[in-house]
Amino acid sequence: MEQVIGVIGGSGLYEMEGLQDVRSIVVETPFGAPSDEFVTGVLDGVRMVFLPRHGRGHRLLPTEVNYRANIYGMKKLGVTRIISVSAVGSMREEIVPGHIVIPDQFIDRTNATRANTFFGNGVVAHIQFADPVCADLSADLYAAAQEAGATVHRGGTYICMEGPAFSTRAESNLYRSFGVSVIGMTNIPEAKLAREAEICYGVIALATDYDCWHESHDDVSVDAIIAIIKQNVAMAKSIIRNAVRRIDRERNCPCASALRYAIITDKAAIPAETKERLDLIIGSYV
């Protein structure tokens, strides 16, 4: 199987030195339109697929992102691994704005307005999500960040809030009491849907601020976030480039068979319309 690596993040990530045969592709999905056109290319002999999570020009709120269409589109284009590049607030003193975190856990504080599963409409599945990121991909991202010269923290918990408003000070301190490392607004349900689609998922989290808990630092603001992101875009590209060289073509992780024992609905009971709609996701099992 051809290795195809997806990157979900800012719209500037695909403007990468060495990316060849760059094309924009409109992808239709049963779940509506993705955030924007997908950008494909070849980097060091590996096919890449990029998607600006919030659309070009940052048009979509975290709540408005069509996560199902985005992940389905990645699957349709043959992606087997997704690298998520995300701006986050630091919830720990030692994670300084400008540092990189490769989280390995999530806490979901989003609400029911986000569609967080491909299933329903006559088919029931329960994926294992105890370890929500791909350990192999995350290890490659950590090594790639070290190689790029980043100050990088391995592991930690990303708490995903609904937004779009930032936290109150009371909320920020509550989340710190949970022992989380960073806070963001986008990686859930993205990670859940990637697991349902049997796509490996790993995160490059760019710490931009201390949210609003740190008494010695300014509270989080959009202008501060943008300033740090601009500083870190080159670093994120370097990490991605290094990771692409490291990632094995073959997958030996459980992500590739996440649905093997997850679907509990009798095959004969699944409506034909649902089977057709989810054929790309469940076709090999039903």
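Backbone N, Cα and C atoms are what each Cβ position is placed from, and that goes for glycine too.
Marked as phosphate binding site by Swiss-Prot on the basis of sequence analysis: Ser11, Arg53, His54, Ser86, Ala87, Thr186. The site 'Important for substrate specificity' annotation in Swiss-Prot covers Ser167, Val222. The substrate binding site annotation in Swiss-Prot covers Met185, Asp209, Tyr210, Asp211.
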Other C-beta atoms that fall within 10 angstroms of the C-beta of Met185 (substrate binding site): 23
Thr186 (phosphate binding site) to Asp209 (substrate binding site) - Cα separation in whole Å: 16
Least buried by Cβ count (within 10 Å) of the binding-site residues Arg53, His54: His54
Closest of Ser167, Met185, Asp209, Asp211, Val222 to Arg53 (phosphate binding site), Cα positions, recorded positions only: Met185
Reduced DSSP assignment, Val222 (site 'Important for substrate specificity'): helix
Close in space, distant in sequence - Ser167 (site 'Important for substrate specificity'), Cβ under 8 Å, 6 or more apart: Gly89, Met161, Tyr175, Ile183, Asp211, Cys212
Maximum Cα-Cα separation (Å), residues Met185, Asp209, Tyr210, Asp211 listed as binding substrate: 15
